[in-house]
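J.: What TrEMBL shows for this protein is this:
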- 45-70: transmembrane segment (TRANSMEM)
- 82-102: transmembrane segment (TRANSMEM)
- 146-167: transmembrane segment (TRANSMEM)
- 202-219: transmembrane segment (TRANSMEM)
- 225-244: transmembrane segment (TRANSMEM)
- 265-283: transmembrane segment (TRANSMEM)
- 316-334: transmembrane segment (TRANSMEM)
Amino acid sequence: MEVYVLAVVVIIVALIFDGVNGFHDAANAIATAITTGALKARTAIIMAAGMNLIGALMGTAVAAVIARDIVDMTQVSAEQQLFLVIAALVGAIGWNLITWWFGLPSSSTHAIIGGLMGAGLAEQIAGNDVHIKLAKVVEKVIDPMVLSPVVGFGLALIIMVILNKIIKKANLKETDKFFRSAQIFTSASLALGHGLQDAQKSMGLMFMAAAPVGFFGIQPGQTEIPLQIILMASLAISVGTMAGGQRIIHTLGSKITVLSPQKGFVAEAVSSAVLFISAYFVHAPISTTHTVTSAIAGTGASDDIRAVKWSTLKNIVMAWIMTVPSAGLIGFMFEEIFRMLFM
């Protein structure tokens, strides 16, 4: 296959992944606001699409991590690099659609990282000069993957306990009204953080596809993400968000714990803070899904540990654990298929 045509195909598939990401993960930012009545579903989805678009324009540090810190494939041909990226994308999209179908909020972030590692492993086994950067994966992926849900759960639990003491004697009706209004801002902030984090993963993939053939004026050794890639990724995640994700909204909004406006506010505020700190200070591609789900569980546990529906949470955690190996297996299989057919 002509390498330039292949590069275009890979970029298109990366944009589809970006759109599926918006579709699959839109629920993360708006589930609590819809469940508590702060926003109507359609209004919330439009708001999330707009904030995802803006958030995607706010940084590229996470994109650089995806592009250079997971798999080193600079020593193989442009064609091999492109097939590796498309195999990784197929793995991530496939796993996202499977978990969406079952209404499980799994991580698009870890799906694409699993896909890249699986496709990279296939090339390593075949004896090609492709290397998975395990030290970087541990530093930038594994550590944040473990820490972000722990921090989300712990912070939400602590803040909710303090907030409950503050509002204990307040008028419940007035308190609910105040926090419903406040949720409009925190859900918008969460959607902004989702765009900031998740669109950058697709930017990194498009950069990996464009760099071997010099698209968008990319020079050898360049690490800066071109403006054209930033704009395309921003629009794709916004359009995908408009499609919504009602199955996952139901799981996040009602199947983990009973949500009040106060709990929704705290879960959104904590998740937003973790996303922004990770993007700007740690430069780690963390999972919006993991962070939000854990924060929701933390608010529920503030009342009573039994208020959390642990059976639902167990299913979600199992989906999390399965994401990297499952997307990796799909990526591995497709890399093998592509190598047999085209390389």
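Including glycine, each Cβ sits where the backbone N, Cα and C put it.
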J.: Quickly jot the same-chain residues contacting the transmembrane segment (202-219) by Cβ under 8 Å, restricted to those at least six beyond its ends, or write none.
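T.: Sequence-remote neighbours of the transmembrane segment (202-219) are 3-4, 7, 10-11, 14-15, 17-18, 21, 60, 62-67, 78, 81-82, 85-86, 88-89, 112, 225-226, 228-230, 232-233, 236-237.
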J.: Okay, the transmembrane segment (82-102) and the transmembrane segment (316-334): do they have at least three CB pairs under 8 Å, pairs separated by 6 or more?
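T.: Counting Cβ pairs under 8 Å (6 or more apart in sequence), the transmembrane segment (316-334) reaches the transmembrane segment (82-102), since there are 3 or more.
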J.: Using Cβ atoms only, state whether the transmembrane segment (225-244) and the transmembrane segment (82-102) have three or more pairs under 8 Å that are 6 or more apart in sequence.
T.: no
J.: I need to check the long-range neighbours of the transmembrane segment (45-70): which residues 6 or more away from its ends have a CB within less than 8 Å of a CB in the stretch?
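T.: Distal contacts: 22, 26, 29-30, 39, 112-113, 116-117, 120, 132-133, 136-137, 140-141, 184, 187-189, 191-201, 203-205, 207-208, 211, 223-225, 230-231, 233-235, 237-239, 241-242, 244, 279-280, 283-285.
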J.: Cβ under 8 Å, sequence separation of at least 6 from the ends of the transmembrane segment (82-102): give me the contacting residues as numbers and ranges.
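T.: Contacts with the transmembrane segment (82-102): 3, 6-7, 9-10, 13-14, 16-17, 20-21, 23-24, 71, 73, 108, 111-112, 114-116, 118-120, 122-123, 130, 205, 208-209, 212, 245, 247-248, 319, 323, 326-332, 334-335, 338-339, 342-343.
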